[in-house]
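K.L.:
Among the features that Swiss-Prot reports, Zn(2+) binding site is placed at HIS63, CYS67, CYS70, with the record citing similarity to another entry. The annotation phosphothreonine is assigned in Swiss-Prot to THR36. Positions annotated as region 'Disordered' by Swiss-Prot: 106-132.
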Amino acid sequence: MADPGHVFRRAFSWLPSQFASQSDAPVGAPRQFGSTEHLSVEAIAAFVDGELRMSAHLRAAHHLSLCPECAAEVDAQSQARTALRESCPIAIPNSLLGMLSQIPHRTPEVTPDVSEQAKFADDPTRGRRKRR
């Protein structure tokens with residue numbers, strides 16, 4: 001069976017480049033990370049926090065060795081992480097705790113008005129449309 005990907009890409013060639021497919025992979029194929037792509041904000045945070053799988057970590061580390069822009073983003077994320085860890089503990093004001101404790105746990109039960117209920121097909125009070 002022929003690959004329909006070229007037809008799809010050609011049909012949407014009028015779209016701006018950020019919407020167009022940048023790879024020659026068939027349409028619907030899993031997206032692969034390209035070494036020339038920049039790391040996403042989520043990937044940078046996961047890299048700094050040590051949450052990436054080993055294969056993803058190695059790909060990101062290789063990209064960081066080649067891309068000073070992403071390396072600067074990782075450095076900034078690391079500094080932000082360190083600043084948050086070294087900051088003073090956050091104290092919750094007692095007035096806020098008091099207001100939060102007054103929030104009801106359940107919503108009050110309100111029965112809907114009969115006139116506001118949806119009209120269903122089997123409802124005998126529902127008006128019938130007449131043929132013209």
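A Cβ is built for glycine as well, from the same backbone N, Cα and C atoms used for every other residue.
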K.L.:
According to DSSP, does HIS63 (Zn(2+) binding site) fall in a helix, a strand, or coil?
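P.N.:
The three-state answer is helix.
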K.L.:
If you count Cβ atoms within 10 Å of the Cβ of CYS70 (Zn(2+) binding site), leaving out that atom itself, what do you get?
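P.N.:
I get 20 for this one.
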K.L.:
Residues near the Zn(2+) site, HIS63, CYS67, CYS70 excluded, by Cβ within 8 Å of the Cβ center?
P.N.:
HIS38, LEU39, ALA60, LEU64, SER65, LEU66, PRO68, GLU69, ALA71
K.L.:
In this structure, which of the binding-site residues HIS63, CYS67 has the fewest other Cβ atoms within 10 Å of its Cβ?
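P.N.:
The binding-site residues HIS63, CYS67 were compared, and CYS67 has the fewest Cβ atoms within 10 Å.
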